[in-house]
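Presented below is the structure to which this report refers.
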């Protein structure tokens, strides 16, 4: 009897019908994504404020909870309670759909993020391409939001977001394809398993150093983080495509930005840093299939360690992105496009061709 059947039997024993039990079971992954990703955003916001304060020799959030840990929750509650205003001459449909089109694809990206061999919500054979496809939808929402606001700053911000996404989506996809060639699979689980054979020496960061650097730069640009935050440059565009937004719609953009940053960090961990595996080769807890208390306890420990290791590696990338915000100047729009088309695209394409040539030579 597998875990799903056990949960259905437990729900049926309390008086629920089998169909209702199956429906509730299908809702569990959705709740896991919503709660886990939201908690991750709260942690990232708190970390960014604390690290930013340390860089500037300040204290940062301190009074809202221990060490200011619930400051982000208070800010989110404030945005939810604010009035939702739609511009008088704007397009209400585009203005309202834009934020949802930004957040929903990012939430769906968490379906293919593995935290263990069996600890993944949807182990798709084309999982990595699924993420690339979803990440290309969000800029459409930004463009709709900018156009629907009937504001020149918002429209320019939306155009910048679309141009930036097109420029950096291609190098990002080419870097991902290079990793897929090495792993002989597009499944995120298979990519992590391929890196686990030789411990830390088997990580793709050593086999794909050029692709790793290109992936980091493209990821920062996709997340619109400094020095690539051209779509919402405060000195030039007030707040870019967010200028006319307030209340919960503005909060959706805010959450979507950090969700995208977190999922990018998780994919850095999965693609290049070995995912949930330990750094030492052949050291791992086995997944026991027997149904006794010891096996259950060991599987829980294994799953907990997998989640902790994956998040630890991901937060290393988050730390670097937060430091980059306060150490690097914002680039101009022409420099942004030149970096994407004239540098990252040739480098990532050359890296893909080199990887394919080496793989053919080893056949």
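Glycine too: its Cβ is placed from the backbone N, Cα and C atoms.
As the structure is a computational prediction, the values presented were derived from the model and not from experiment.
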> For which of the residue intervals 61-81, 124-144 does Swiss-Prot record transmembrane segment?
Replying inline: 124-144
>> Looking at 6-26, 27-47, I want to know which stretch Swiss-Prot calls transmembrane segment.
In response: 27-47
>> Give the nonlocal contacts of the transmembrane segment (93-113) in its own chain as ranges (CB under 8 Å, at least six residues past its ends).
In response: 29, 33-34, 36-37, 86-87, 120-124, 127-128, 130-131, 134-135, 137-138, 140-142, 144-149, 188, 241, 244-245, 249, 252-253, 255-256, 259-260, 263, 266-267, 270
> Looking at 27-47, 250-270, 343-363, which one has the highest count of Cβ pairs under 8 angstroms to the transmembrane segment (303-323)?
Replying inline: 250-270
> In the same chain, who gets a Cβ under 8 Å from the transmembrane segment (162-182) while lying at least 6 residues past its ends?
Replying inline: 128-129, 132, 135-136, 138-140, 142-143, 191, 194, 204, 207-208, 211-212, 214-215, 217-219, 221-222, 224, 228, 230-231, 271-272, 333, 336-337, 340-341, 344-345, 347-349, 351-352, 355-356, 359
